[in-house]
Every structure is written in C-alpha cells, then in structure tokens.
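K.L.:
Here's a structure for you.
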Amino acid sequence: MKFAYRFSNLLGAVYRQGNLNFSKDGNAVISPVGNRISVFDLKNNTSETLPFSTTKNITCVGLSPDGSLAIVVDEDGAAVLVSLITRAILHHFHFHKPVSSIRFSPDGRKFIVTKENVALMYHAPGKKREFNAFVLDKSYYGPYDETTCIDWTDDSKCFVVGSKDMSTWVFGAERWANLIYYSLGGHKDIIVGCFFEKDSLDLYTVSQDGTLCVWESDTELDGLILKKSQDKPKIPRQGEEEEEEEGEERDKVEGEEGEVIRGKVETAKEREKKKNVRYKMMSKHFFNKEGDFNNLTAAAYHKPNHILVTGFASGIFHLHELPEFNLIHSLSISDQRIASVAINSSGDWIGFGCSRMGQLLVWEWQSESYVFKQQGHFNNMASLAYSPDGQYIVTGGDDSKVKVWNTNTGLCFVTFTEHTSSVTNVTFTSSGFVIVSASLDGTVRAFDLHRYRNFRTFTSPWPAQFSSLAVDVSGELVSAGAQDSFEIFLWSMQTGRLLEVLAGHEGPVSCLCFSPVQSVLASCSWDRTVRLWDMLDSWQTKETLPLTSDGLAVTYRADGQELAVATLNGEISFWNPHTATQNGSVAGRHDLQTGRKETDKITAKQSAKGKSFTSLCYSADGESVLAGGQSKFVCIYNIKEQMLMKKFEISCNLSFDAMEEFLDRRKMTEFGSLALVDEGAGDGDGVSISLPGVRRGDMSSRHFRPEIRVSSLRFSPTGRSWAATTTEGLLVYSLDGSLVFDPYDLDLDVTPASIRKQLRLQEWASAIVLAFRLNEKALKQEVLEKVPHEQIPVVCGSLPDIYVEKLLGFIATCLEKSGHLQFYMTWAQNLLMLHGQKLKNRSGAILPTLQALQKSIQRHFDDLSKLCDFNIYNIRYAVALSKQRGLKRAAEEETEDQEEEDEELSEEMNAFQIS
C-alpha cells in the first residue's frame, strides 16, 4: 500500500496539438496534451487527465455523438478506442499512416478517417463486445493530395472532404444513384474547413488564404435516390471486390454514363427524374488580411446558429454569420497561431487551442467574456514546491513565469511574470501564503498569495545568476546560491536587506536546504563538499561533509536527523548532520536506465555512465527517498534497507528523445542516422523557424526533439501523493486505496460477515477494529457511518491506541469527499481530544495524517465560508427590501386614511351648506 502510487493528474500543460472537442452537454472541453487526454469541466472548474497514454503525441480525437466513446489517434496512426464513461481502453488499431482527421456520423453508425489522399469509412463500434471494433466499409478516392477536414450532413447520407490540392469532394455514404462523388474547386490554397448547411446539401468551404466559398446544391437531401440492385446475380469479375472497396471506379463510370436496370436501358424520363446532383457557387468572400503570415489556420461552423468561427496565424479570430457573411466580432486572443477551434452544442462557447504557447481558451461570444483561460509553461519546468497544507503547487519554468496550481481542481489560478529570465527554483514559506523564487536574471522575489503581488525583491551587490534557493522554518531568512561566483547570499524577509555573503565553496552551489528543526543551512556544491552553516553563530561553517563526487542535490529529513546527498557518480549518500558521519549509500546509476538519443554516437549503456540523480526528496514519513534525474524513471529507495523499492516510468511517449535503449535499424542508412538529416525548412505548419534567437532546442538545427528528464521532485506534506516536473509537464501520482488489498493483522475470523454481525450486536468498537484489520475502504466507511452520533465519544475512548492513528487517517480521507461534514468532524474532534497527548508524543510520525486532516478541513472551510457569506448578503438584502416595502406600505395606508378623512370632511361641509 505504501508504494501503490498511480498516475493521478497532469498539470502544467493544457494543450499541445490536435483538435479540441466539447462534450455532448457542452460543459467540458476534451483537450489532447502530448500523449494524454485532459478533460476540463467548465461548470465545476476542475480538470482530469484520463488514465491512459498513447505511444506518441496525439494528433486527432474523434468523439461519438452520444459522448460515450472517443477514438484517439497519434502521430504514427496508432489508434485507441476509449470509453469516456469507464475511462478504459476498449480496442487498439493501427492505420499505418498519419491520420489528418476523424469524424463520427451524426447517427453514430459510421465514422470517417482521412489519411493521405484517402477517406476510409468504418462501421462504428457498437454497444456489444466485438472481436474487431474497426470494420472497414468503403474507401473513397478522389483528392490528389493529403486530406485535411471532414463534415457530415445531418442525416448521415453524405460527407465532404477537404484537401491540400485546393479541391473539396462530396461523397455519398450510401450508393446513391444521383450522387456518387462531386468535386468542387474555386480555391487557390489549402482547404482548412468544409461545412454542410443544416438539413441541406449546401456547402461552405474555407481555405488557408482567407477565402470563403458558398455553394448551393440543386437537390435536397430527400432527393437522393438509392441505387437499385439488379435482379440477376452477376458473376463477380476478378478484382471487382477490390475495386469496390478501393475507389468505386465502376460506380463512378456507371453514375456518369447511365446504368442498366432490370436488363433495360433507362428512358430519358427516368434519367431526368434522377439527374445527378449539381453544385453552383453562389458567392465568394474574403477575410481581411493583415500580413503575409496571417494565414487562416482553423475553422468551425455551428449549424443551428449559422455561425462561422475562423482562427488565424496571428492569434486573431473572426465570428461571422452565414450565408450573408456578416462580421459579428473579431478579437486577438494570442500572439501565436490558433491551431484548433471548436464550438459547443449550444453554440454559446467557443474553444481555442494555441499549440506554441500551450494555451486553451473558452470564449463566450454573446457576453464577450472568457469562460476558461489556461496556459501552461511553454518551455521546460525547472522546479516545483508544495504548500504546507498540500493544497497548492507552485512551479517555475524556463519561460520566466511562476505559476500556482490548485491540487484539487488541477488548474492554475495565478501567474507571476516579474522575472525576466529562467526561474531555477521556487519554494513556499512555512505560513503557506508567501512564495519565493530564484532566477537567472539575478533576483530572488517574494510573492504574496493574499494580494497576488511581488512585495520583496532581493538582489546581490554584484551580478549573479541564482541556481538554488532555501527559506528557513520561520520564513525570516532567505538564502540563494550563485552558479557563477560560488557564493551564498543571505537576506532578511522582513527588511529585504542583505545580511551576509557566505563564501567558502570552490565550485558552483548546486543546492541549498534549511534544517526543519534548527537554524542550520546545508549547501551542496560541485567542489565535492556539503557545508553546514550555523545561522545563530555568526554564519560560520559548522561541519564540512566530504563527497566522492560533485554534489548535485541535498535534502533534510522531516525530523532533521538525516541528510541525503546526490552526487555526479549516480550515488545517494545518507549522513547524520550532528556527528558528520555517513550512515549509508545507494548506487543508483543502473536504476536510471537511460535511453539513447537519435544523434548519439555511443550506446545507451555507455552514455548512462555520465547520468545521475539531480533531484531528491524524502517521503512524508522519512522512511524512503524519491530520486529522479536525466531519465524517464523515478526511483523510490528504502533508506533502512538501502534498496530499490519501486521504479515509476513517467512517460512512454516516443515523441521525446532518449526514450528507447536501442536505435531503430530502419532509420539507419549508409550515410548515418536519418535523424541527422535536416528535412525541409518548416515545422509542419507552414511557418519556418528562424535560426537566430530560437528559444528551444539546438540553435543550429531547425528540428529538434525534447529529451525526457525529471527536473524536480516533491512529496506532498499529506503523504498521499508526490509530484514531478518533467519534459511532459507536472505529473501528480496519488495513492489509490480502492484498488489495493492491504489487510492488517488478518485472521480467519476477520470476514465481512463477522464485521456486520458485530454491527447488529451494536459492538461498535469491535466492528471498527475488525474493519480496519480487513482494511477494505467501502467496509470501513459502512461501519463508521452506522455508529450512532451520540456513541462516537464512547467508541473513541475505547479504541486501542494502534487503531487511533489509522482511524484518524481514514477520516481525513473520507472528509475530503464526503457530504457528512458534521459527522466526520465529530469523529476527528473526539479522537484528538481523547488521545491528544499520546498523539503529541508521536507527532513526527503522524504529521502527514494531521496535515491531510487539516487540508480536508481547510477545503470545506473555504467552500462553506463563501456560501455562508453569500447567504448572509442575500438575507441582509431580503431584510432591507422587506423594511423598505413595509415603510412604503405604511406610507400608502397613511395616505389612504388621509383621503378618507378629507372625503368625510367634504361631505359634512356639503350637508351643512344644503341645510
């Protein structure tokens, strides 16, 4: 159970490439992120990454009309059929060539896949279990270049395919007598989008040069005539079946020259009745072009509202009403090309994906406001840190940004952009409301999470590039190590003044770490030493620990009684900081198991000799250490046994470099590896990368593949999860207790039946003990929720000490998601009140449990406080409104009484005058 961590969520990236999709209800965006799929719930403001991955980056996703199935295709054409209900892979298939687009028919019975210049129609997978979920129905040939887009008619009778050869082809999904295929021209550039009008064969086509053509058909959908079968079963000619499946050449000829029905040639009247469908261009419109690179890159059309959305390479999008081509509005949402556009089912929300910036935006066009706006680090992430309660994660990246993510929702809620160069390290202070970051721009900055501002900027007396950072337990001392001057700078958080410059290292300072219990700073350097600096005694060197190789990472255990150091030779050594003695070491170079780059001249085995761990982190209980570095593996070592407990493969994405141990022989030629050949001058989207000032990759190469590596690791303070910043993004791994059977002190008598028997006898404490011995989550929750509310203090008092901590941890887990707030809070309160002193004596061991409990309570407090404040304001408004109405009613009654008195007085006067 301790090492049963499973991939939980992918943060730090929201969109990479491929097409966006909205869910059936229109409340969630399905976005491809590398080789994974993320689902962003726009109503509840949460994100979820589906628990599967492809072998390469995903290029297109097709969603079934009922929203239950998705077909995901990667760069090589490998496809997986996924259930969006169970989140499980149902089928694997390979198209053997890159797929440009995929689309289900509106009735859900067929789907079209376009690859190269062919459109393939498959029978859609049904609800029953099938041996082969992908059954080819027909193949459609016509375009002379690669196909780009697809659209279906509303009744699934026909579909249209756009191509790079500037033509658009309309095909019949069935064997229609008057429509087999129809080719449309009229464009001078690649077709980006083609769309049918609602319940019609009328067409709109959009090309990359910003041209829109409106096509009108002379036939309605009801006018399509099904081709009749012949009476005589004719003997199939050799290769006829192949002809039908490959291109329907025979159908094309028969459709143009007439066909024989029942042995008679058709009469002119019959031929007139089922004349072929014809198209006519009604109008041609042009989008405003602002420059040579303002190509139209993405388009989407909402049929019920007749709205066309187009995205451009300059980051601008236009909203037009068709067929009149009236501009509704235009907006610039990015300075990079818009790669994908999608509209939800109601037509209110428009999703945009910008692949270069890693942006995902959802825009509500009627109110002209953002519904959702997220952007990951568009360069590598360098470091991360958990907040003390485990609710937030802060990340720093090479794009000079500092981002804060909510672990519950998986979304970024604030971005700090004050740094002007790569952020090398980030950390939280012990209060959890201040973030400190170090950067290569020569500054260390402190950010306030209450007002979201940069309230302190620490600088050195002379220019220095800071590569390491540490803040002491009190949050008062901030230290940063320089990689060029070999010095450590110390500042006061309160005043912002430089307190001291610590000199002594003879190489760049690679890592800093404060002791959690003392004012002692540990610094690790390339000079093969770890120095311990006493902050209370004039900042003198307390101890110097000699290392066998250059030091790369250092970290303290949570109780401050042990120090772990990673060195360049791939070893992790453990030290006692009080006696300056080494307790043990782990040789982890073979566990890294690095891969071979495509351009490497040596084997992976030889290159592994230069690899090492660059990031270390103790687990919450201090019994194990987490290590990662220049590899796709993260290793967990048991410190006491000094052995490898588990290896996590953080990615299986072959789009990254150094993933495979051996090079593919098919890529080797007599002139060397094909990876060394520079193919073309573009990056696949028509925009060439200029060599000077390239932000990513080798500046001498126009093409590059990022190398897989782990730059930073951190355990959550709750002990329930850990996170790693990698080339792929910020990966979060969590404990999944529901899938692991981990009994404690199991016996033959401990069964679900015996536990429920104790419940019937109202032996609550005995039932709880038995449930925790069996250790099944559902059963533990059932037992706990059957205990009467008034019996909770009695049960808590009679529990054995060994089960108190287990019960407290289980309550912390349940409290996070359960709606029985008062019930579980009562349990927690009674356990802490009755066993507080005993728990205090073991505070170090149960600290993760208490932090998990605090995190759950804090989350409920934040949610309820907002709700209560909202209710208070509503009640105050209602009271004020009722008072105002009461005063108004009183004034009206007073006016009525006055009017009655005036009437009586006037009647008396009239009577007096008459008399």
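Using N, Cα and C of the backbone, Cβ positions are placed for all residues, glycine too.
Take a look at what TrEMBL says about it:
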- 184-216: repeat 'WD' (REPEAT)
- 232-259: region 'Disordered' (REGION)
- 249-259: compositional bias 'Basic and acidic residues' (COMPBIAS)
- 374-415: repeat 'WD' (REPEAT)
- 416-457: repeat 'WD' (REPEAT)
- 502-535: repeat 'WD' (REPEAT)
- 775-878: domain 'Small-subunit processome Utp12' (DOMAIN)
- 888-915: region 'Disordered' (REGION)
- 893-907: compositional bias 'Acidic residues' (COMPBIAS)
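Looking at the shown structure, what environment does each listed feature sit in?
P.N.:
Assigned with DSSP, the residues of the repeat 'WD' (184-216) fall into helix, strand and coil as follows: 0 helix, 18 strand, 15 coil.
Counting residue by residue with DSSP, the repeat 'WD' (374-415) contains 0 helix, 23 strand, 19 coil.
Sorting each residue of the repeat 'WD' (416-457) by its DSSP state yields 0 helix, 24 strand, 18 coil.
Note on the repeat 'WD' (502-535): its mean pLDDT in the predicted model is 91.
Here the region 'Disordered' (888-915) has no Cβ contact under 8 Å with any residue of the same chain six or more residues outside its ends.
Per DSSP, the secondary structure of the compositional bias 'Acidic residues' (893-907) breaks down as 15 helix, 0 strand, 0 coil.
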K.L.:
Mind checking which residues of the chain, 6+ beyond the ends of the repeat 'WD' (184-216), have their Cβ under 8 Å from one of its Cβ atoms?
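P.N.:
Beyond its ends, the repeat 'WD' (184-216) has Cβ neighbours at 148-155, 158, 160-164, 166-170, 277, 279-289, 294-301, 303-304, 306, 308, 310, 312, 320, 322-323, 325, 686.
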K.L.:
Looking only at residues six or more beyond either end of the repeat 'WD' (374-415), which have a C-beta under 8 A from one in the stretch?
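P.N.:
Residues packing against the repeat 'WD' (374-415) from afar: 9, 11-15, 40, 45-49, 356-361, 421-428, 430-432, 435, 437, 439, 441, 445, 447, 449, 452, 695-696, 706, 711-712, 714-718, 720-721, 723-727, 729-730, 732, 851-852, 854-855, 858-859.
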K.L.:
Run through the repeat 'WD' (502-535) and tell me, per DSSP, how many residues are helix, strand and coil.
P.N.:
0 helix, 19 strand, 15 coil
K.L.:
Which residue counts does DSSP give the domain 'Small-subunit processome Utp12' (775-878) for helix, strand and coil?
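P.N.:
Summed by class, the stretch gives 94 helix, 0 strand, 10 coil.
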